[in-house]
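Peer 1: Pasting in a structure now, in structure tokens, and then I'll have a few things to ask.
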């Protein structure tokens with residue numbers, strides 16, 4: 001029963017690298033500036049990374065935004081496991097922890113995830129947020145939008161639009177947990 | 001002494017496996033002493049000359065034993081005819097090679113009056129599968145407070161000689177003493193269910209030991225049995241009366257009986273097939289099939305019981321055949337009714353545990369399962385040797401045949417058969433009671 | 001993991017996973033909105049043949065906070081009084097299509113029996129004097145939280161002293177199976193009359209002298225002693241029991257400075273535990289209660305979420 005935490009395999013022979021560390025760094029910086037512009041400042045921002053690889057990305061963006069404004073921008077972690085609409089049909093998933101830096105009522109919550117695909121994760125995240133408070137506004141920032149949406153969800157800020165086939169899988173490695181930064185495409189979707 | 005009314009009076013009207021023939025020639029049977037012979041039967045009796053118009057029964061390779069006698073059978077009639085009737089239970093007995101069973105008193109109503117005892121004897125005679133001898137309760141309603149009408153049950157048509165509150169122990173020593181005294185003039189015997197209620201109360205359901213501690217089941221320690229046996233043998237000695245100890249399960253109990261016999265006390269004792277064969281390890285899965293009172297015990301106790309049955313410290317095998325309907329077993333272990341079936345596999349289990357292990361020869365089996373129980377119950381026409389002039393009450397046994405026990409292949413109305421699915425001897429070929437075939441494979 | 005019948009039979013990986021998830025559930029318990037959709041559409045029946053406000057409401061909250069539909073069936077005496085067997089009661093509920101049955105019954109082994117009959121997941125909420133697995137898991141969870149909060153590590157090498165009516169306790173059996181697997185050393189303290197038979201074969205130490213066991217304890221877990229046991233001769237008087245085996249105010253001084261006091265409740269104040277002990281800063285009794293909901297949420301999640 002004990003679920004294994006899924007660790008992306010980025011070393012597969014067929015994997016094709018589409019973003020390297022330098023590109024990811026540049027893109028993250030750009031997204032941070034776009035966010036600042038879109039939000040009209042950093043005062044009310046709470047930046048929440050969706051577990052697992054949205055978390056380091058959110059921290060980086062929070063730091064970049066904070067550095068630019070000379071303040072500390074609060075960041076946190078959002079676990080959406082128990083809100084997933086496919087929970088029942090999958091093997092047991094380990095429950096992660098939601099860590100909020102403070103109340104989110106009347107804040108501008110920025111949801112950060114690594115890859116936007118079907119939109120189901122974001123949908124679950126929106127429901128999860130509703131159980132945590134009532135933000136003034138919710139913004140969505142993703143590093144990669146690979147298309148193939150199952151529902152009407154769009155990100156406010158996208159690092160890279162990546163055309164993919166549905167059967168391919170996009171893996172994001174983050175240095176904080178994977179040792180290096182990279183985005184790869186693999187031809188066959190591994191069973192997740 | 002003999003009560004001919006128990007013999008198969010008008011045989012042709014009996015519903016059992018009847019036959020028009022009243023004469024048989026059984027050829028080639030081996031007797032318990034090892035000799036081979038033909039048996040001639042006419043009008044319910046073993047005769048010296050080959051009778052005319054006899055049905056021939058080929059017994060080549062079979063052993064002929066006197067019909068088996070059970071001193072401890074629970075029929076559920078009257079009261080719980082869904083679980084067992086006198087007819088179904090006595091047919092199960094015939095299938096197990098028994099020609100006589102003693103019906104325990106714990107029915108509803110309790111067999112504590114002459115009328116109730118006669119009713120059961122009558123039901124047995126009507127069914128015609130085996131001689132059914134009622135056991136009378138020692139105390140009214142098995143309540144342990146007042147004596148039942150012991151003498152009236154004895155002088156009734158039922159001729160009760162064995163008295164027991166089985167299921168309950170007669171705890172009051174004063175009452176037990178008076179019962180011993182009361183039955184002495186008519187040679188009655190008290191069959192005690194030895195269970196000290198202070199040491200093993202109503203909730204006790206598992207041999208007390210490592211397993212009961214682990215399973216969280218209330219313990220039933222062997223000492224709860226042996227202290228009552230110790231008390232009762234001394235009461236029997238003091239009153240000069242007869243004690244029979246039901247279902248001895250413990251090495252401690254055996255020790256006390258051995259001491260009492262050495263002292264000349266008039267005590268006999270019984271072991272059940274399940275206590276010879278099964279151990280408390282069966283209880284691990286909380287299967288209520290294995291809930292029985294007294295409980296299954298450990299290997300050491302099983303060994304002590306086998307040794308005692310072999311050396312005669314334990315005199316007889318009594319089945320404690322205890323049918324139960326599913327609704328009485330489908331409860332938590334502590335709440336389920338105790339008891340298991342035994343009549344149909346008793347001989348098989350004794351063969352497996354005593355004969356095949358070299359502890360008893362066939363003469364020993366005859367003694368423990370036929371002659372001795374008939375003697376204790378004073379049933380004159382049962383447990384007799386297969387000799388000219390004796391009743392043609394016998395069982396033909398195939399010593400080699402084995403089978404996997406199927407609980408559905410049974411005459412009992414209940415299915416709480418602990419041997420289901422086990423490979424055991426399957427010996428009984430034919431059972432004959434007073435010249436009438438009551439079971440034939 | 002299909003059922004939770006006892007700590008016996010539970011894989012160590014499952015134990016660790018349930019405890020880890022309980023930690024996350026604990027965090028959710030602190031939220032203003034304690035509702036998660038994980039078990040939406042699932043139905044959990046609390047089938048209690050014995051009364052237990054504490055355990056039943058804990059399971060009920062756990063189910064509801066995970067959005068399962070929870071109903072309570074008080075079956076006390078009902079089946080027996082209607083001539084219905086325990087099997088009938090279980091099969092009836094199962095036929096309604098429920099997903100899990102949380103069962104408490106006075107008969108040891110009854111939940112394992114039930115698991116053999118029904119399709120629903122069976123959860124043992126206490127079977128006779130056999131096991132109470134969620135209580136042991138919550139005890140472990142409460143201890144772990146305490147140790148972590150005080151930088152005392154985990155259960156590895158900890159000394160847990162369990163004191164009281166061990167003979168009639170289902171909690172002690174589950175804890176003796178669980179805590180050693182998590183690295184703790186367990187010492188049982190009880191008078192000989194209240195010690196389970198065969199306890200020498202358990203993976204624990206046995207002691208009849210409370211005072212000698214207390215100084216090395218990291219956790220002292222006091223178990224309830226019912227006054228009615230006096231009638232069976234299990235102890236001579238409340239006074240003698242308390243003086244010899246109770247956690248009195250005087251005995252508190254024997255504890256090491258970091259030791260804590262646990263009790264699965266309900267407390268018999270003045271008998272096995274003094275108010276001085278129950279209400280002291282060392283007491284984690286209320287932490288056990290809150291741990292109960294988190295652990296039961298975790299158990300339900302493990303059995304029903306996938």
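Cβ atoms are placed via backbone N, Cα and C, with glycine included.
Just lifted these from TrEMBL, have a look:
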- B:320: active site (ACT_SITE)
- B:72, B:74, B:166, B:320: Zn(2+) 1 binding site (BINDING)
- B:74, B:75, B:76, B:106, B:293, B:324, B:338, B:339: substrate binding site (BINDING)
- B:166, B:193, B:247: Zn(2+) 2 binding site (BINDING)
- B:63-252: domain 'Dihydroorotase catalytic' (DOMAIN)
Peer 1: In Å, rounded, how far does the Cα of residue B:247 (Zn(2+) 2 binding site) sit from the Cα of residue B:320 (active site)?
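Peer 2: Residue B:247 (Zn(2+) 2 binding site) to residue B:320 (active site), Cα-Cα distance: 8 Å.
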Peer 1: Compare all C-alpha positions of B:74, B:75, B:76, B:106, B:293, B:324, B:338, B:339, the record's substrate binders, and send over the largest distance in angstrom.
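Peer 2: Greatest Cα-Cα span of the listed binding residues: 17 Å.
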Peer 1: Out of B:193, B:320, B:324, B:338, which of these recorded positions is nearest residue B:74 (Zn(2+) 1 binding site) by C-alpha distance?
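Peer 2: Going through B:193, B:320, B:324, B:338 one by one, the closest to residue B:74 (Zn(2+) 1 binding site) is B:320.
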Peer 1: Does residue B:193 (Zn(2+) 2 binding site) have same-chain partners at least 6 apart in sequence with Cβ under 8 Å from its own Cβ, and which are they?
Peer 2: B:164, B:165, B:166, B:167, B:168, B:169, B:246, B:247
Peer 1: What other residues of the same chain, not counting B:72, B:74, B:166, B:320, have a CB atom within 8 A of the CB centroid of the Zn(2+) 1 site?
Peer 2: B:73, B:104, B:164, B:167, B:246, B:247, B:318, B:319, B:321, B:322, B:339
Peer 1: Could you pull the average pLDDT for the domain 'Dihydroorotase catalytic' (B:63-252)?
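Peer 2: Mean model confidence (pLDDT) across the domain 'Dihydroorotase catalytic' (B:63-252) is 98.
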Peer 1: Does DSSP give residue B:74 (Zn(2+) 1 binding site) helix, strand or coil?
Peer 2: coil
Peer 1: If you count, for each of the recorded positions B:166, B:320, the other Cβ atoms lying within 10 Å of its Cβ, which residue has the minimum?
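Peer 2: Among the recorded positions B:166, B:320, the sparsest Cβ neighbourhood within 10 Å belongs to B:166.
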Peer 1: If I take the Cα of the residue listed as 'active site' as reference, which of the binding-site residues B:72, B:75, B:293 has the closest Cα?
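Peer 2: For the residue listed as 'active site', the spatially nearest of the binding-site residues is B:72.
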Peer 1: Under 8 Å Cβ to Cβ from residue B:106 (substrate binding site), same chain, six or more residues apart: give me those in sequence order, or none if nothing qualifies.
Peer 2: B:74, B:137, B:142, B:165, B:166, B:167, B:168
Peer 1: Given the recorded Zn(2+) 2 site (B:166, B:193, B:247), which additional residues of the same chain have their Cβ within 8 Å of the Cβ centre, ordered by sequence?
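Peer 2: Going along the sequence, the neighbours appear as B:72, B:164, B:167, B:169, B:191, B:192, B:194, B:195, B:246, B:293, B:294, B:320.
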Peer 1: Taking the binding-site residues one at a time (B:338, B:339), which has its Cβ surrounded by the most other Cβ atoms within 10 Å?
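Peer 2: Its Cβ has the most other Cβ atoms within 10 Å: B:339.
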Peer 1: Cβ distance under 8 Å to residue B:75 (substrate binding site), same chain, sequence separation 6 or more: which residues?
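Peer 2: Those within reach of residue B:75 (substrate binding site), by Cβ under 8 Å and sequence separation of 6 or more, are B:84, B:85, B:86, B:89, B:90, B:101, B:103, B:104, B:107, B:120, B:132, B:323.
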Peer 1: If I take the alpha carbons of residue B:324 (substrate binding site) and residue B:72 (Zn(2+) 1 binding site), what is the distance between them in whole Å?
Peer 2: 16
Peer 1: Run through the Cβ atoms and count how many others sit within 10 Å of the one on residue B:74 (Zn(2+) 1 binding site).
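Peer 2: Around residue B:74 (Zn(2+) 1 binding site), other Cβ atoms within 10 Å: 27.
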Peer 1: Under a three-state reduction of DSSP output, how is residue B:339 (substrate binding site) classified: helix, strand, or coil?
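Peer 2: The residue in question, residue B:339 (substrate binding site), is coil (DSSP, three-state).
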Peer 1: Check each residue in the chain of residue B:72 (Zn(2+) 1 binding site) that is at least six apart in sequence and keep those whose C-beta is under 8 Å from its C-beta; list them in sequence order.
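Peer 2: When sequence neighbours closer than 6 are ignored, residue B:72 (Zn(2+) 1 binding site) has B:102, B:104, B:166, B:191, B:246, B:247, B:270, B:272, B:318, B:319, B:320, B:321 within Cβ distance under 8 Å.
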